[in-house]
Every structure is written in C-alpha cells, then in structure tokens.
There are 6 protein chains.
Amino acid sequence: MAEQPMARADGRRADALRPLRLQRHFTKHAEGAVLVCFGDTQVLCTASVEEKVPPFKRGSGQGWVTAEYGMLPRATHTRSDREAAKGKQSGRTQEIQRLIGRSLRAVFELDKLGERTIQIDCDVLQADGGTRTAAITGAYVAAVDACRHLQRQGLLKEWPLKDAVAAISVGIVEGVPMLDLAYVEDSACDTDMNVVMTGKGGLIEVQGTAEGAPFSREEMERLLDLAQAGIQQLVQAQQEALAHE
Amino acid sequence: MAEQPMARADGRRADALRPLRLQRHFTKHAEGAVLVCFGDTQVLCTASVEEKVPPFKRGSGQGWVTAEYGMLPRATHTRSDREAAKGKQSGRTQEIQRLIGRSLRAVFELDKLGERTIQIDCDVLQADGGTRTAAITGAYVAAVDACRHLQRQGLLKEWPLKDAVAAISVGIVEGVPMLDLAYVEDSACDTDMNVVMTGKGGLIEVQGTAEGAPFSREEMERLLDLAQAGIQQLVQAQQEALAHE
Amino acid sequence: MAEQPMARADGRRADALRPLRLQRHFTKHAEGAVLVCFGDTQVLCTASVEEKVPPFKRGSGQGWVTAEYGMLPRATHTRSDREAAKGKQSGRTQEIQRLIGRSLRAVFELDKLGERTIQIDCDVLQADGGTRTAAITGAYVAAVDACRHLQRQGLLKEWPLKDAVAAISVGIVEGVPMLDLAYVEDSACDTDMNVVMTGKGGLIEVQGTAEGAPFSREEMERLLDLAQAGIQQLVQAQQEALAHE
Amino acid sequence: MAEQPMARADGRRADALRPLRLQRHFTKHAEGAVLVCFGDTQVLCTASVEEKVPPFKRGSGQGWVTAEYGMLPRATHTRSDREAAKGKQSGRTQEIQRLIGRSLRAVFELDKLGERTIQIDCDVLQADGGTRTAAITGAYVAAVDACRHLQRQGLLKEWPLKDAVAAISVGIVEGVPMLDLAYVEDSACDTDMNVVMTGKGGLIEVQGTAEGAPFSREEMERLLDLAQAGIQQLVQAQQEALAHE
Amino acid sequence: MAEQPMARADGRRADALRPLRLQRHFTKHAEGAVLVCFGDTQVLCTASVEEKVPPFKRGSGQGWVTAEYGMLPRATHTRSDREAAKGKQSGRTQEIQRLIGRSLRAVFELDKLGERTIQIDCDVLQADGGTRTAAITGAYVAAVDACRHLQRQGLLKEWPLKDAVAAISVGIVEGVPMLDLAYVEDSACDTDMNVVMTGKGGLIEVQGTAEGAPFSREEMERLLDLAQAGIQQLVQAQQEALAHE
Amino acid sequence: MAEQPMARADGRRADALRPLRLQRHFTKHAEGAVLVCFGDTQVLCTASVEEKVPPFKRGSGQGWVTAEYGMLPRATHTRSDREAAKGKQSGRTQEIQRLIGRSLRAVFELDKLGERTIQIDCDVLQADGGTRTAAITGAYVAAVDACRHLQRQGLLKEWPLKDAVAAISVGIVEGVPMLDLAYVEDSACDTDMNVVMTGKGGLIEVQGTAEGAPFSREEMERLLDLAQAGIQQLVQAQQEALAHE
C-alpha cells in the first residue's frame with residue numbers, strides 16, 4: 001500500500017537514500033575535486049578558480065560562479081554520442097548545467113568572492129539516475145575546497161559561502177512516493193521532481209514534471225516532505241566530509 | 001502588507017491576470033495559428049501538421065507533438081542577437097521549447113493522433129514577461145485548431161486531446177505573492193515560478209526558482225494557490241476562444 | 001494579348017499593386033517598428049539604434065546601417081525548418097539581408113548619422129511572394145522612425161537620410177509583364193525581377209533572373225517601366241504613412 | 001569625355017575585354033577542368049559527373065547541375081580567412097555559387113542529362129575583379145567537356161545543352177561606362193553590373209547595383225550594350241576553345 | 001653523463017616506466033571498462049559493442065574498430081575549455097583519436113569480428129604526460145574484455161584479435177634519452193616520440209617530433225631501444241591484468 | 001627481389017623521386033607563391049606576411065609561423081566534399097596543417113622574424129600521393145621568398161631562417177622499400193612513412209604507420225636511408241630554384 005514505505009529493487013525503503021560517497025581530492029590539479037556517488041551514479045565534480053570574470057561582471061567587484069556538465073559516452077547503459085564530436089551540447093545538458101550554476105550561486109555572496117570565477121565541472125563517469133542532484137551535492141563540497149584554497153592563500157577577506165546546498169530527486173513510482181530514484185525507477189515513474197535546498201532548509205529550486213498522469217497538490221506535498229528529509233541527510237554528509245582538512 | 005492583494009505598476013491586483021487575448025487564424029497557412037497576448041507579451045503560436053514522425057516513433061502507430069520557440073531580435077527592450085545568425089539556440093531557448101513540447105504532450109493521446117506530427121512554433125513578437133506561459137496557453141488553442149483540421153479531413157478516428165493545458169507565472173515581489181508577472185516584476189522578484197496545469201486541475205509542471213533569498217514551503221503554497229486560480233481563468237478563456245469555428 | 005493589362009487570380013490588373021499597408025508602431029520596444037503588408041505578405045520591420053559601430057567603422061565619425069532577415073517557420077505554405085535550430089542561415093536568407101542592407105545604405109549619409117548603427121530586422125510573419133521587396137519598403141519607414149527618435153533626443157545635427165527607398169517585384173507570367181507578383185505568379189513566371197529605386201527615381205538595384213526562357217532587352221524595358229510606376233506609388237504611400245507623428 | 005571610350009590603367013579601351021584564356025584539361029581527374037583567365041583573374045573550373053541526384057530530383061528522370069565557389073586565402077591582395085577554417089561560407093560566397101548554378105542550369109535540358117549531377121567547382125587561384133563572371137564563362141566550357149565525356153561513354157541519348165552561356169561585368173567608373181572591370185576599377189565604380197547571357201543573346205541574369213549614386217535608365221542601357229558586345233566575344237572564344245577535342 | 005640512465009624528478013631511472021595500473025571493470029555499463037594509470041596520468045578506456053558498422057563496411061562481412069578521445073576540462077594544471085561547449089574537437093584531439101583507432105585496428109582481424117563495431121572511448125580524468133600512450137595501452141585491455149563478452153554470448157566464431165598492442169612515449173630531455181615522459185619532462189624535451197608496438201614486437205606507429213633541435217639517426221635508435229623495452233613490460237602487465245576473468 | 005631497386009608503374013626506380021617542379025611567383029599577390037609538383041601532385045604554397053602575432057606571442061618580441069592546408073574538391077579521383085561547405089575541416093586536414101606548421105617553425109628563429117606572422121597556405125590543385133610532403137617542400141621556398149620580401153623592405157635585422165626543410169614519403173610496397181609514393185603505390189603499401197629533414201640532415205619529423213602488417217626495425221632503417229637520400233635531392237632543387245631573384 002502506497003502509504004507504507006515499501007522495499008525497492010535494491011531493497012531500500014521508499015524514504016531511503018542510496019549509499020552516499022563524497023570523496024574529496026579525487027584528482028590532483030583542481031582546487032576542489034570531489035567524486036560523489038549516489039549508489040551507482042558517480043559524478044566527478046571539480047571547482048577551478050580563475051582570476052577573471054565574465055564581461056558583465058567586470059569592474060563590479062563581484063565574482064561569478066558557473067557550471068558545466070557532461071557525461072562520458074559510455075556512462076550510460078547504451079553508448080550515447082559524444083557531444084564534442086557532435087559539435088553541440090544537447091538541450092538536456094544545457095538545462096542541467098544552468099541548474100547547477102544557479103543552485104551554487106544561491107549560496108554564494110559574490111562580492112565576498114572578489115572578482116574571480118569559480119568554474120564548476122560536473123562529469124558523469126557512471127549514470128544510474130539522479131546525476132544532476134548528485135552533481136549539485138558534490139559541487140558544493142568542491143566549491144568549499146576551492147574557497148578554502150583561496151583562504152589559505154590569503155585571497156579572501158570574508159568567507160563567501162552563506163549556506164550549504166544539496167539536491168535530491170523524488171518521484172511517484174506505481175503510486176508510491178519515493179526518494180532518490182535509481183534509473184529503473186526514474187524510467188517508470190509518473191512524476192519526477194528535483195528539489196534543491198539550502199542547509200537551513202530554504203528552497204532553491206523545485207522542478208516537478210508529470211511524465212504520465214498529472215499530479216495533485218497532495219502528491220506534491222508528499223514529495224516535498226520526502227525531499228526535505230533526504231536533503232537534511234545529504235547536508236549532514238557534506239559537513240562530515242568537510243570536517244577534516 | 002503582503003496578505004492583501006496590492007496594486008501594481010499597471011494597477012492590477014496581485015491576483016489578477018493581465019488582459020488576455022487569444023486571436024485564432026492570425027496567419028493563413030498554418031493548420032492552427034493563434035496570437036496570444038498576456039498584456040504586452042505577444043506570441044504567435046502555430047501548429048503545423050506533418051505526415052511523418054521522428055525515427056523513434058516510426059512504425060509505432062503513435063504520433064508526436066513537439067515545439068520550437070524563438071524570439072524576434074527586437075521583441076525585447078534592447079535588441080538581442082538573432083539565434084539563426086549566431087548559429088545556435090541558447091540554453092534558455094532550448095529549455096523553453098522542451099517545456100512547451102512536454103506540456104502539450106501531457107494532454108495528447110499520441111496513439112489517437114496517428115503516425116503524424118503536430119509541430120508547434122511559438123515566436124515572440126513582443127516580450128514583457130511570461131513568454132513561455134503565454135506560449136503554452138496559446139499553443140494549446142493552435143493544437144486544437146490543427147486537430148479540428150485533421151478531423152474535418154476525416155483523418156482522425158478519435159479525438160486525440162484528453163484535456164486542456166495552460167500555464168502562468170507567479171512570483172514573490174518585495175514579499176508579495178503575485179500572479180502573471182510583467183517584465184519589471186519578473187526582474188525584481190525573489191522567487192519565480194512557472195506552473196503548467198490541465199483543465200481538470202492536474203499539475204503538469206512546477207518550476208520554482210529562488211532568484212534572491214530561498215523560499216519556504218508556505219510561500220510555495222501561496223504561489224501554487226495563485227497559479228491554480230489564474231490557470232482556471234486561462235482555461236475558461238481558451239474554451240471561449242474555441243467556442244466558434 | 002500581352003500588350004493589354006489582363007486580370008489576375010486576385011482580379012488585379014497586370015500593372016496594379018496588391019493592397020498595401022504600412023502600420024507604424026506595431027511593437028513597442030523598437031525605435032522603429034513597421035508592419036508592412038503587400039497583400040497577404042506580412043513583414044515586421046524593426047529599426048534598432050545601437051550606440052556602436054562595427055570594427056571597420058570605429059573612429060571614422062561615420063555610422064552604419066545593416067539588416068537581418070528571417071522567416072517564421074510557418075510563414076509559408078508548408079513549414080520550413082527554423083534556421084536557428086538548423087544552426088545556419090540559408091544562402092537565400094543571406095542574399096536577401098545583404099540586399100536590404102545595401103538598399104537602405106544607398107539613401108543614408110553615414111557621416112550625418114554619427115558613430116552609431118541602425119540595425120534593421122525584417123521578419124516575415126506570412127509569405128505570399130515579394131517578401132524582400134516588402135521588407136525594403138517597410139524598412140525605410142522604420143528607419144525614418146528611428147532617425148526621428150534620434151532627432152527628438154537631440155543626437156543628430158543633420159538629417160541623415162537623403163532620399164526615400166522602396167522596392168517591387170515584376171515578372172513575365174505566361175508572356176505578360178506583371179507588377180508585384182504573388183506567390184502563385186512568382187512560381188509560374190519565366191522572368192522574375194526585383195527593382196529597388198529611390199524616391200527621386202534613381203535605380204539602386206536591378207536583379208533580373210530568367211527562371212525559364214531567357215528574356216530580351218525589350219522585355220526588360222517593359223518590366224522596368226512597370227516597376228518604376230509601382231515604386232512611385234509605394235513612395236507616395238510611405239510619405240503618407242510618415243505624415244503624422 | 002564619357003561618350004568616347006577612354007584608356008584605362010592597363011591601356012585598354014573602355015569597351016575592351018582583358019586578355020582572355022580558356023585552358024582546357026588543366027587538371028587530370030575531373031571530367032571537365034578549365035583554367036579561365038580574365039586578365040589577372042584566374043579561376044579553375046571543374047565539372048564532375050556524379051551518378052546521383054539530390055532528393056528533390058530522385059525518380060524524376062531529370063538530372064541536376066549545381067555549383068560551388070571558393071577563393072584560395074591568398075588569391076587576394078591581403079589574405080582572407082579560409083572559409084573551411086572559419087566553419088562557414090560567407091554570404092558573398094553563397095550568392096556567387098547560387099548565381100553560377102542558376103546560370104548553367106539555364107542552358108541545360110535536365111531531362112536529356114538523365115538522373116545524374118554535374119557538379120561545378122569554381123576556385124579562384126588569383127583575383128583581380130570579375131571572378132564570378134570568369135567562373136560562369138569557364139564553367140560552361142568545363143560543362144561541355146563533362147557532357148562530351150558522358151557522350152563518349154554512350155550515356156547520353158541527346159545532347160543536353162541547348163545554348164552557350166557566358167558572363168561579364170560592366171560598370172560606370174568616374175562617369176565612364178566600362179567593360180570587364182579590373183579590381184581597381186571595381187573598387188572605384190559608382191555602378192556595378194553583372195550580366196549573364198546565352199550564346200543566342202538572351203538575358204539570363206542582370207544584377208546591377210549602385211555602389212555610390214543611383215543610376216539612370218539611360219546609364220543602364222549603355223551598360224547593357226557594352227555587356228552584350230563583350231559576351232559575344234566570350235562566346236566566340238568558348239567556341240574556339242572547344243573546337244578541337 | 002648522458003650515456004648512463006640518470007635519476008629524474010620522481011626518482012625514476014631514465015629507462016623506467018612510471019607505476020602502472022590497469023583496473024578492469026572500473027565502470028559497470030561498458031562491455032570493457034579499464035582505468036589505466038601511467039603514474040599520475042589516469043585514463044578511463046571503455047569499449048562498447050554496437051551491432052552496426054559505418055556505411056563503408058555495410059555488407060562487407062567485416063566489423064570496425066574506432067576510437068574517440070576526450071579530456072575532462074580540469075584534468076590539466078589549468079582548466080582547458082570543454083570541447084562540447086566550444087562546439088568542436090581540437091586538431092590535437094582528432095590526431096590522438098585517429099591514432100588510437102589505427103593502433104587498435106592493427107591487431108584486429110575485422111572479418112572475424114563480424115559486422116559490428118567496437119567503439120573505444122578514452123577519457124582522461126587526470127593528465128600528467130603520455131595520455132595517448134596510456135589510452136592505447138588501456139584500450140587494448142578494454143577491447144579484449146569486449147571480445148570476451150561477445151564470445152560468452154556465442155557471437156564470435158573465431159577470436160578476432162591477432163596480437164596485443166601497447167604504446168609508450170620516449171624523449172630526449174637535456175640530452176638524455178628517457179622512457180615514459182611525465183608532463184614536466186615532456187615540456188622540456190628536445191625530441192618527443194610516441195611508439196606503438198604489438199606484443200610480438202612489430203612496429204605499428206612511430207611518431208617522432210623535434211621540439212627544439214633536430215635529432216639524429218643515432219638518437220632515434222636509442223629512443224626506439226628504450227621504447228621497445230618499455231612496451232615489453234606494458235604487454236606483460238596487460239597479460240597479467242587479463243589473466244583472471 | 002626486394003634488395004634490388006625495381007621499376008614501378010611510371011618506370012621509376014624504387015629509389016627515384018618523381019619529376020620535381022618548384023615554380024616561384026606562381027600567383028602575384030602573396031609575398032611567396034610557389035607551385036610545387038611531385039609528379040602529378042600539384043600544390044600551390046603561398047606565404048603571407050601579417051604584421052600581427054597570435055595572443056600567446058604578443059609582446060614577446062617573437063614572430064610566428066603557421067600553416068593551413070586544403071584540397072580543391074576535384075583534386076582527387078572522385079570529388080570530395082568541400083570543407084567550407086561542410087562547415088569543418090577533417091581530422092586529416094588538421095593533422096597535415098599542424099605538421100606543415102611544426103616543420104617550418106623548426107627552421108625559423110622566431111625572435112629574428114620580429115613580431116609578425118608568416119601564414120603558409122598549401123592548397124592542393126591535383127593530388128596523386130604525397131601532398132603533405134610536397135606542401136612542406138614548397139612551403140619552405142615560399143617562406144624564403146616572404147623573408148626576402150621583408151629583407152628588401154628593411155624589416156629584418158637578421159636572416160630568420162637557420163636551415164632548409166624538405167619532406168618525402170617512403171613506404172614498403174609488396175615488400176619493396178620505395179621512395180616518393182604515387183597514389184596507387186600509397187594505397188597498396190604495407191608501411192607508409194613521412195620524413196621531414198633539414199638541409200643539414202637533422203630529423204624534424206618521422207611518422208611511420210603500418211597500414212597492413214607491422215614493420216620491423218630493419219625495414220624502418222631501410223626506409224630512413226631512402227628518405228635521407230631523397231631529401232638531399234629536394235634540398236638541392238630548393239637551392240637551385242632560389243638561386244636567382
């Protein structure tokens with residue numbers, strides 16, 4: 001019955017996250033480099049500091065935070081074409097990278113960052129649903145590392161992050177609201193929602209889509225409840241990952 | 001005080017739509033051709049019937065509905081570059097046209113359409129906020145006209161639309177939840193939400209974004225209430241526009 | 001017999017223009033915005049003032065006038081692909097926009113314009129033959145409105161336009177020279193000629209093409225006579241449209 | 001005085017062509033390969049037979065003739081960017097190659113060609129004005145060679161060319177109508193006209209442009225007279241070049 | 001003295017490889033998925049089986065092997081632009097992926113593969129010199145895994161690989177011939193050579209480039225000796241990695 | 001027997017070059033313009049002086065030398081698509097133009113050139129194998145002419161070329177090592193090697209590829225011997241061509 005959290009393909013309860021991993025310093029060149037895993041979804045998030053800003057920020061005293069997203073061709077079940085070879089990024093890629101950029105900027109105080117850019121790159125090594133929410137969750141940790149790098153170099157007067165940010169997907173699968181959908185669940189779901197929240201619980205983005213039948217206000221409430229609880233766990237895990245240097 | 005609908009730049013109440021216009025047969029070639037105006041926002045929505053489907057639908061017995069979106073270079077306050085001259089569509093354009101396509105497909109029964117495509121084109125002649133929601137609202141009327149055209153030609157066994165669909169923007173401007181934001185309001189708002197609903201009141205898409213401070217669950221509820229009431233009026237107007245042949 | 005002006009599909013005489021409409025202030029943002037209709041051909045011409053010039057004019061004290069041309073996908077009988085989605089403008093589009101730009105520059109004194117650009121955009125809302133000639137005729141009116149805007153702001157020392165410019169198509173259809181071809185006539189004609197002239201009757205562009213059999217010098221003379229008379233009417237209509245503020 | 005043909009930079013009379021060269025079999029792979037020189041303007045025109053037609057001609061029993069045009073980067077006084085490296089052909093290039101294609105098709109009977117394509121390539125090795133008219137003049141000779149090749153192979157039932165075609169530029173330079181403009185004359189001219197005619201004297205294309213002041217009907221007549229006489233000489237030279245195998 | 005292998009920045013002898021790692025099954029979707037590390041250079045090589053071949057192989061009874069190469073934007077010391085965002089692959093990228101494809105095809109018997117494609121993707125997660133040679137070495141192991149996958153499914157009549165293939169870089173750094181250059185060595189070297197060999201010692205590719213002074217035949221011999229010894233170790237390591245299922 | 005130089009299709013000995021032609025001043029605008037022919041392979045090499053350098057050289061006091069390569073569509077047996085029309089250069093084109101650029105830079109002293117660029121363009125008029133090696137050999141002569149032009153204008157303090165550079169292909173055809181492969185030989189060969197050397201005999205580039213079976217060290221030595229002797233003849237011919245002004 002839909003009211004009871006029921007078991008899923010991987011044995012999880014409906015309100016359970018997949019095993020979470022946030023591995024900092026995964027590669028050596030970037031100022032922040034985090035491998036984030038939501039179960040079998042693996043995304044490498046790097047944060048690069050660049051001592052310049054886009055034209056519309058020049059002379060403003062403010063910095064900028066932006067993101068790009070990509071997927072290795074064989075991150076997916078069947079190989080997808082390489083966007084660099086096709087010569088353009090898909091609409092889906094652009095939507096996701098714009099979402100990641102907006103989500104990160106929501107917790108930054110750009111004037112405290114100074115006139116520099118933090119360039120986030122989220123590259124999916126293996127995909128199993130939820131790549132954009134994993135990317136946001138990992139990108140925050142990479143961004144903190146990049147800011148700590150700036151701080152260690154004495155380049156920041158004030159800490160430029162005002163809150164944490166994390167994201168999770170929720171959806172209604174065969175009538176049951178579920179947290180953190182894996183690919184098979186995502187493919188089968190009627191309603192799919194991505195929620196981005198701050199550490200303090202403020203909503204940054206809510207993107208709900210009826211894949212099959214429309215959804216009701218009540219279903220939406222149930223999904224937001226699930227997401228809220230899940231994001232609290234993610235923010236907790238971010239803090240733990242960042243606890244040590 | 002935020003609780004009271006207050007007057008706006010154009011004198012509207014916070015819960016009022018802008019003057020709405022749905023002018024069918026605006027141009028003569030397309031099977032459906034609707035000029036939709038939400039105040040000063042003017043979008044020409046055409047629905048073209050093409051007797052072919054994309055590769056992934058071939059042989060399926062099902063049709064397809066898809067959309068493209070564009071903006072005339074001087075639809076906006078300052079001229080924006082022509083996408084055809086730049087050689088690519090922006091991420092924003094792609095997001096919007098994907099949204100329009102999904103929204104329309106949500107009310108179509110593709111097997112009843114038969115193996116043909118309804119291609120929606122939404123071109124903004126003049127922009128003053130809410131172009132994507134006007135586009136969806138007008139595109140539905142154009143799609144009905146295209147289906148009536150098919151019906152008159154005896155090409156449909158069953159009516160392929162199961163419901164109406166309309167969309168509206170809502171936002172929190174200086175603390176006040178408002179319906180159908182004009183450009184100056186949209187630029188100033190803290191939270192911006194686009195809501196797509198069916199005629200029967202089911203949610204198709206909810207896309208809320210914190211432009212400034214994060215928003216709370218309570219604010220989100222208030223915005224959804226406003227949107228729901230606004231969309232009911234839009235659906236009523238769609239029915240009236242479609243009442244005559 | 002070809003010597004006598006004969007009736008056409010729409011009842012016009014061979015030497016008659018289609019009903020002409022020049023609606024100024026059609027949209028609100030552009031400095032000039034004119035909807036021009038040659039019968040069922042409808043083109044929105046906007047003139048945008050930009051306070052910069054292309055690199056080859058910088059520091060010259062001279063301004064620049066240039067044009068872009070587009071067609072809404074369903075302006076035509078069957079839908080044509082959106083150039084922004086295809087990622088490039090067709091050769092036909094480029095030819096037309098280069099012609100519009102040259103034609104307008106022929107009546108401008110660029111040094112009196114000052115170092116600024118008037119960017120013309122001609123977008124076809126509905127096509128029924130003669131879109132390029134309608135575009136030139138409407139663009140001139142939009143350009144005057146843009147110059148008046150500059151004048152009202154005190155930005156012009158001298159009036160930068162030295163003459164009016166208008167354009168019309170002529171062609172030989174089943175042996176009969178005809179003025180202002182509609183689409184069905186254009187498709188059937190042996191020879192198609194576009195003529196651009198100033199208000200004072202000077203030739204700016206003559207582009208004659210044999211679609212079927214070659215044409216003789218005598219036929220060419222007949223076509224130029226027709227065009228000359230037609231353009232005089234267009235220039236008259238431009239003056240009337242511009243008579244009031 | 002403008003009435004008298006006067007001497008030019010290279011000593012020519014106003015009504016004289018530059019030294020003309022039509023060298024067949026300039027390269028060995030193409031079915032037709034002609035180096036055409038109008039003075040210092042050198043264009044390599046090849047005609048390639050391809051046993052296929054574009055989609056819109058498939059199953060029609062008709063062939064197709066089309067052209068592409070290019071300029072080596074240092075064919076000009078100062079190097080121009082390589083279009084292949086820029087990733088697109090300029091509007092000028094597209095205009096010219098469309099003109100060449102139309103001009104050649106005007107003398108072909110496509111049903112007699114059979115369902116195959118003659119692909120013309122005109123590549124400018126050295127530019128000194130008049131590259132498009134040289135290209136058309138040389139392309140005709142290359143096309144004849146390609147048809148002779150087909151004929152020798154027994155692939156043609158009837159000869160598919162109904163006439164010759166050649167082209168020349170004319171212009172008004174400091175008040176004097178002149179034939180076959182070299183680059184320095186072209187840069188300085190008030191009016192520039194390209195004329196394409198058949199061997200029998202029919203007009204195929206007339207493209208006149210006022211670069212400075214508008215031109216009158218009388219001036220146009222003078223230019224057409226000059227062009228007509230020049231093209232007769234070109235057609236004569238084409239016949240001579242083609243006289244031997 | 002140059003004759004004696006001398007110690008390097010990381011303490012290696014001139015004729016020593018960096019620590020090598022060949023981790024199979026690094027991701028789960030691809031038929032072959034190998035993380036190859038040459039020291040700090042880390043490349044993820046996947047081999048995807050696709051049951052189709054390019055047009056030029058259709059109906060030939062033969063299969064095809066091809067490769068694509070990419071670099072994550074922050075794989076390098078300073079971030080490089082994302083090729084998918086720029087809309088094209090660099091000349092360097094294309095050179096490398098063509099080299100990988102040729103090298104793998106050199107050890108395949110395409111008729112034994114059957115009409116299917118093995119698509120190799122080599123994506124650099126971290127770069128420290130030698131990414132193309134690491135890619136070839138890892139791609140062979142991924143290709144073996146893909147062939148084993150086909151064999152387990154009973155899709156191969158005969159084993160399609162006739163030999164192993166591996167690659168290494170060699171160079172002359174400050175006069176000293178060295179094996180397997182790290183980035184700092186590669187930047188400083190006079191001569192850089194990439195060598196691809198089979199398991200049996202046959203040469204597949206030799207690409208030597210003088211970065212500074214030209215090199216002599218004697219230096220070339222020294223480099224080939226070093227490379228040959230290094231590749232033998234790589235082939236040995238490939239065999240060990242492939243020894244277990 | 002492989003040991004004995006044997007006759008080839010065109011009667012050459014295995015160690016003989018094809019007839020060589022180096023025609024300077026082939027076109028008139030470029031500072032250097034050389035038509036180089038290796039038998040039926042004809043490449044027009046121009047060297048253009050541009051008084052600017054790429055961004056990474058600005059302010060360095062050093063110049064730059066770079067190259068672009070192209071092939072006329074019908075330079076080949078069957079017509080190949082025009083890269084400008086396709087909108088991108090192939091991987092092969094990019095490889096070749098990078099090779100030409102590197103080869104020329106190897107003999108330049110960029111500080112003596114001053115902050116200017118020598119832009120090499122190599123365009124193949126007719127192809128019969130060895131286009132890249134002909135291009136390098138001709139480009140050197142064009143570059144000398146461009147430097148002499150600079151010298152005559154008093155723009156060089158010191159001569160910026162420290163040596164000559166030329167290139168040749170060698171390969172093993174049916175077991176026989178051969179020099180300067182024509183197209184039919186190139187298509188049939190097992191091993192193909194391009195060698196670039198200086199006038200003093202230093203190696204600049206060696207690119208050997210096994211097209212069929214791998215090659216041995218011994219075969220490689222044989223090929224290098226052939227190439228070395230061939231390049232000495234080419235350098236001799238360059239000197240003769242440059243002997244007069």
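Cβ atoms here come from the backbone N, Cα and C positions, even for glycine.
Record features (TrEMBL):
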- B:R92, B:G130, B:T131, B:R132: phosphate binding site (BINDING)
- B:17-146: domain 'Exoribonuclease phosphorolytic' (DOMAIN)
- B:163-229: domain 'Exoribonuclease phosphorolytic' (DOMAIN)
Using DSSP, what's the helix, strand and coil tally for the domain 'Exoribonuclease phosphorolytic' (B:163-229)?
19 helix, 30 strand, 18 coil
Starting from the phosphate site formed by B:R92, B:G130, B:T131, B:R132, give every other residue of that chain whose CB sits within 8 Å of the mean position of their CB atoms, in sequence order.
B:Y69, B:I96, B:V124, B:A127, B:G129, B:T133, B:A134, B:A135
I'm checking region-level scores; what's the whole-number mean pLDDT for the domain 'Exoribonuclease phosphorolytic' (B:17-146)?
97
List the residues of the same chain that sit at least 6 positions away from B:R132 (phosphate binding site) in sequence and have their Cβ under 8 Å from its Cβ, in sequence order, or write 'none'.
B:Y69, B:I96, B:L99, B:I100, B:A167, B:S169, B:N194
By DSSP assignment, list the helix, strand and coil residue numbers for the domain 'Exoribonuclease phosphorolytic' (B:17-146), in that order.
45 helix, 40 strand, 45 coil
Since the record lists B:R92, B:T131 as binding-site residues, which of them has the fewest other Cβ atoms within 10 Å of its Cβ?
B:R92
Can you tell me how many other Cβ atoms are located within 10 Å of the Cβ belonging to B:G130 (phosphate binding site)?
26
